[in-house]
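Participant: According to TrEMBL, the protein has these features:
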TRANSMEM  12-32  transmembrane segment
TRANSMEM  336-364  transmembrane segment
TRANSMEM  371-391  transmembrane segment
TRANSMEM  397-421  transmembrane segment
TRANSMEM  474-501  transmembrane segment
TRANSMEM  510-527  transmembrane segment
TRANSMEM  547-568  transmembrane segment
TRANSMEM  921-939  transmembrane segment
TRANSMEM  945-966  transmembrane segment
TRANSMEM  978-998  transmembrane segment
TRANSMEM  1036-1055  transmembrane segment
TRANSMEM  1067-1091  transmembrane segment
């Protein structure tokens, strides 16, 4: 069936098809999830194991080493990172992209089960799969009380029981994490002297509590038709049974109960976090979403849930009759940035579409022709939503940017078709005949251009890492819209032309009005005609001399390569975006207590008070100027802080700031750097969060992993590297993990005195239990608190406070070999050795490691920073600061950039077989090869596609010129991996103009140009080429102008999210412009040379076959 003929003869069926596409497109648009960026599948599993009160060294030796040995063999494991901190072991397993979460979860679980028995009081390991789309929360909620004297942290259990489930029930929410609260616990506060007087040791008290605090099954028994289950109940669920627990019987036979030697209290656990916002304590609630969920819908539902909880009769007002005025509010969410970013792209899409239509009107000077071509834009764009829906994709800034790029491209096919139809009309054909013949004549050319545009992306889709998954949405949007535009151009366009176009060449009244508007159309038409005449003249003159052709082609090629190499900038990984979220992470000196860190946070809050008290930028700027410590840049226009809150943990203070002006966020990093003067001995880093960074990191941050089993040499090497890197970047751009690796906190090591211990019948386990119970409390088991399990802790009565120096004087009860219980000072049983110990121990791939993270300024490319880092590392090795046993590697974004760049462009290390093989297998080269082979099949010739491929280097130099122009205006615009994709897009786009010239020239050479022209004699090659340039120049100018003006708003319009696609757009716009100008000059020359060469061995070049 001939689809062109069918569409023209059945206009109603064609119209119904268009209506159905638009209808389903609108339905799909309403159902596609909306979010900021595409989902990135990064399988990550975390194994957490708690061992209360234990030091990092103990945790490393007893837990991490055993778990790592088993987990190292999990299939698909990409990287294993472990962290031992006080009381907690954590192992993060990162897997290759595409690994099945279910399979790796099962395998990790099996490996953990293979670990030999843990120490007695170690909690069962918790295995967590990253079911969230990324590590970033999409919303931050703050819970505060109107009563300034109420400690919000005490509200944790109530919030965990009622507030948390209310939010977790929202569809699409993966996790609700509450920080800053204190959970209830039951403490058995014993009196050491009372224990000794009763003849009870701490071990005996602990055993009595453990053995009685049990629920156990006793089996079941058949009874007639039913089975009766038996259970032994003993777990404590109230304080009285706990107080009445019998520890032993004294010599007189009387029971000694817990209440006789201890006080039992329901209290709160020791604080592990402090949260505060603008002078009032708070709890922070983090909302994380599931992969594939709609961010905007989730945030809307969260806001409704918050309003419901704050309303009369809600969860918060019901707490103690709203005595304290507890309220939950949204401090930050992604919806504002998403609405702004997506709104900007939509606006650019409308503006680009409008500009493309205006260009058509100025070229065609016919409202009917313009509207016929313009109809391809909504059909192709709206139809793409159907494809995205069936492909299970979401609507985000990247996919919408792809549609915006496609706006200028989808009219290309329609322009070529309608231009040819118009030519047939002017030659006297009827509208129906002109529509059919005009479309049939060029459908092969537009099919070739469409297929090359689509096929060029096939190799890129095989990139499996994070950047490759970001490419997918952009590529899908472009390919779907371009494919639909081809269908529209051979069905809808000829049908509409047959119905609405007439032979009259008179411009419409509306077009005449446009032409009269300051003479725009007339001037535009005159310029385009003069330019066409100039190019035709140059082509005509150049074709007469073979040496001139060779010289021009050689100069063009050498110039393209030279300019490209000269303008090629250093590469970056991903753009940071302009997210309204600034953070500061301050590492306090080793050994600082949690309360001391809280005081630090309060001092910082006081320092920044003028900025969060300010109500406008003008008021905040009165406290300026502020200087960015990393770059030395001075800011005078300082935004007010809409929100400021800090979270205190052991060893660090983490601050978050939200600007009142979302368009002016950058100065906040400089504002936050003021806090480093508050604690001179502290280390820290401040930065604007990236929309792609994990957690709150920058997309261009570089991680240096330094590893060795010799901890002393490792610390010395990292101390040297940190100092040198701070000199090259700045003190505020370098962060270490662990943060205070070169500092150690105070520690007292208890070393048992063997002879004394043996005489007193006490072993190391008994000593450890006694010391832990006397100092920090030991975990006994779970206590049933209103249906929830809370900790049951055995601890010395804290009524009498003591200093670390007095711990050795604490009396403990021990049972001698003769059975007598005596009181002995702790220092008599063990020696107290003062020393220092690491606060955290980090391990990478089973070796102790320290990570140094460098966050360069936004105007410094990652590759540039990477070169500086490698220079520092090489210098350190040369000077002997890095021995052979110390391994140094770049990881994180630097590693990802190397992988993506090698995948896209190949890795060139010099003229050798390895480099040639790498480049030959790169996605860019494969895209070129696929384009060439596809055109070879379409033209049935191996030489003609080489002529067409010559447009690629011409486009490349234009792409670099476009990027250079944008970089001159905005220094933060780098050659990131999204921008690199622009060169792949160019391969599929810029060949279209050359295809039109070569295809039409071959038609003229065979005499297939048109029966309507009344001349079917074959032309000579030179005459055919000149005529091809003349006849195809107008549609080439039209398609280029519509594409360039359609994409131009994406390049020049500032705003949220524009950083993601501005660089890509500059490359495509610059490449299209340059390639069009030079294609019309160089391609005819090169094609004529190819035809001359082929004539040497082929006597009849006019018989050359083509589609």
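Glycine too: its Cβ is placed from the backbone N, Cα and C atoms.
Could you tell me the structural context for the features on the list?
Facilitator: Among residues of the same chain six or more beyond the transmembrane segment (12-32), those with a C-beta under 8 A of the stretch's C-beta atoms are 378-379, 382-386, 388-389, 393-395, 484, 491-492, 495.
Counting only same-chain residues 6+ beyond the ends of the transmembrane segment (336-364), those with a CB under 8 A from a CB of the stretch are 34-36, 295-296, 370, 373-374, 377, 381, 395-397, 400-401, 403-404, 407-408, 411, 415, 422, 511, 514, 520-521, 524-525, 528, 577, 579-580, 662, 691, 1034, 1037-1038, 1041-1043, 1045-1050, 1053, 1055-1058, 1061.
Long-range contacts of the transmembrane segment (397-421) within its own chain (CB-CB distance under 8 A, at least 6 residues past either end) are made by residues 36-38, 341-342, 345-346, 348-349, 352-353, 356, 360, 369, 372-374, 376-377, 380-381, 384, 388, 434-435, 438-439, 441-443, 445-446, 449-450, 453, 470, 473-478, 481-482, 484-486, 488-490, 493-494, 497, 501, 978, 985, 989, 992, 996, 1034-1035, 1038-1039, 1042-1047, 1049-1050, 1057, 1060-1061, 1064-1065, 1068.
Proximity of distant same-chain residues to the transmembrane segment (474-501), defined by a Cβ-Cβ separation under 8 Å and at least 6 residues beyond the stretch ends, is recorded for 3-4, 7-8, 11, 14, 17-18, 21, 368-369, 372-373, 375-376, 379-381, 383-384, 387-388, 391, 393, 398-403, 405-406, 409-414, 416-418, 421-422, 425, 431-432, 434-436, 438-439, 443, 446-447, 450, 453-454, 457, 460-461, 978, 981, 985.
Through the fold, the transmembrane segment (945-966) approaches residues 556-557, 559-561, 563-564, 567-569, 928, 931-932, 935-936, 939, 973, 975, 979, 982-983, 986-987, 989-991, 993-995, 998, 1051, 1062-1063, 1066-1075, 1078-1079, 1082-1083, 1086-1087, 1090 of its own chain, all at least 6 residues removed from its boundaries and within a Cβ separation under 8 Å.
Residues of the same chain lying 6 or more positions beyond the ends of the transmembrane segment (978-998) and with a Cβ under 8 Å from any Cβ of it are 398, 405, 409, 412, 416, 445, 448-449, 452-457, 460, 467, 470-471, 474, 478, 571, 574-575, 900-901, 904-905, 923-924, 927-928, 931, 935, 939, 944, 947-952, 954-956, 959, 963, 1025, 1028-1029, 1032, 1035-1036, 1039-1040, 1043, 1060-1061, 1063-1068, 1071-1072, 1075-1076, 1079-1080, 1083-1084, 1087.
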Participant: What stretch, picked from 371-391, 921-939, 1036-1055, 1067-1091, has the most CB pairs under 8 A with the transmembrane segment (547-568)?
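Facilitator: Looking at each of 371-391, 921-939, 1036-1055, 1067-1091 in turn, the most contacts to the transmembrane segment (547-568) are made by 1067-1091.
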Participant: List, by number or range, the same-chain residues at least 6 past the transmembrane segment (921-939) whose CB is under 8 A from its CB atoms?
Facilitator: 444, 447-448, 451-452, 455-460, 462-463, 902-906, 945-946, 948-949, 952, 983-984, 987-988, 991, 995, 998-999, 1002, 1105-1107
